[in-house]
Structures are given as C-alpha cells and as structure tokens.
Amino acid sequence: MCQWAATKGTRNHAYEREKLERAFAKILRHRDPSVPPRRSDPRPRKEVARQWRKPHIYSPADLRRMLDIARSYPSPRAALRQENMYTMLLLAYCAGLRRGELARLDLGDVNLGDGTITVRQTKFFKTRILPLPDSVVVSFGPISLHGVGSAHSRLLTPPCSGTNKAVPAPRQEGSPGCLQTSYVVPG
C-alpha cells in the first residue's frame, strides 16, 4: 500500500488515499479498541473540492467571438442552425440555463411582451421565471417566426410541419427532442 500511495501526486489521489487510510484505521480500531483513533486530514478533500468549483468565466471578447462563430456557422442541410446556436449560447450565458433546460424550452415559455422566460423541469424539478435583457428578447425574433404558432413547438428545434419542411435526422446518440439532432431540409 505504501508503494501505491507514493505513485501519484495528484490532489484527487491524495484524497482517495486519505479515504483509504481512514477506512483501514476504522477496521483496526474495530478489531483492537486499544488502537488510538486516527485523526483525519481534511486538506485533501478541501483541495479536491476547490479544484472542481473553479468555473471558467469567459471574457466579453471570447463571448463575442463565440456568438460571431455561431451566427456564421455554415450548414447547407440545417437551415436554422445559425439562429439556434446563437440563441442557445445567448440564453446559456445571459440567463444561466443548463443544456437540458435549453433542450426543453417551448415557444410558449417565452413571453416577449414581459421579457421573461419560464423554465420548466429544472435540475431540481422546479419551475422558475427569469427576466431577459432586451438584447436577448430581440434575438428571439427570427426563431419565433419559424414556429407554427403552437405553444408546444420546440424553441430551439424547428417544427416538422407547416411552412418549414425541416425533417429531423437524429444522430446515433440523439433523439428528435435532443440537442444532438440535426434537421435536414429536403431538396
């Protein structure tokens, strides 16, 4: 065990080693109550937790570059990909939405008059209403025009009926309601 303990010097390895030493100390103390209790070292756990909590904050220049790339993302087979990518990035950044929340947004969840968006089926199974900046509300213009008008039309995936003839072409790891789905306009 000493050889294994000395092999790696990562923070996660130190935390795992501390957990293992604590388990062995418990076993020894259970077998022989005269063994003094081992004081655990909280530092490895705190270092691992600190390492995983560091978010990456994009600079305004990085965000502008991502949004410009999303607006010019070429796709001859998916007519609405540019608008979808741009709106997804904007909502993720400005409203703090998660991927699953973005995928489940419906046109009925967006209230352009109030400038709010209703997020349903969140990570903790709650519904919340978020205010949106005017710049984000303006970006919904082109996407809401593609909707058939039903409140249950997906916001970030085009409808498959009406004037837009986009047909879902699911990838191997996706399904039609998933962000991994491509839409093909038959030609």
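Cβ atoms here come from the backbone N, Cα and C positions, even for glycine.
Remember, it's a predicted structure, so these values are computed and weren't measured experimentally.
Residues or ranges marked as active site in Swiss-Prot (evidence: sequence analysis): ARG98 (among others). For ARG98 (active site), the same-chain residues that are 6 or more apart in sequence and have a Cβ closer than 8 Å to its Cβ are ALA92, THR122, LYS123. According to DSSP, ARG98 (active site) is assigned to coil rather than to any helix or strand.
Annotation comment: Swiss-Prot describes LYS123 (among others) as active site.
Computed over the domain 'Tyr recombinase' (53-187), the whole-number mean pLDDT of the model equals 71. Annotation comment: Swiss-Prot describes 53-187 as domain 'Tyr recombinase', evidence class sequence analysis.
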Inset, instruction - May I ask you to report the DSSP-based helix, strand or coil state of LYS123 (active site)? - result: coil
Inset, instruction - State the count of C-beta atoms found within 10 angstroms of the C-beta of LYS123 (active site), not counting that atom itself. - result: 8
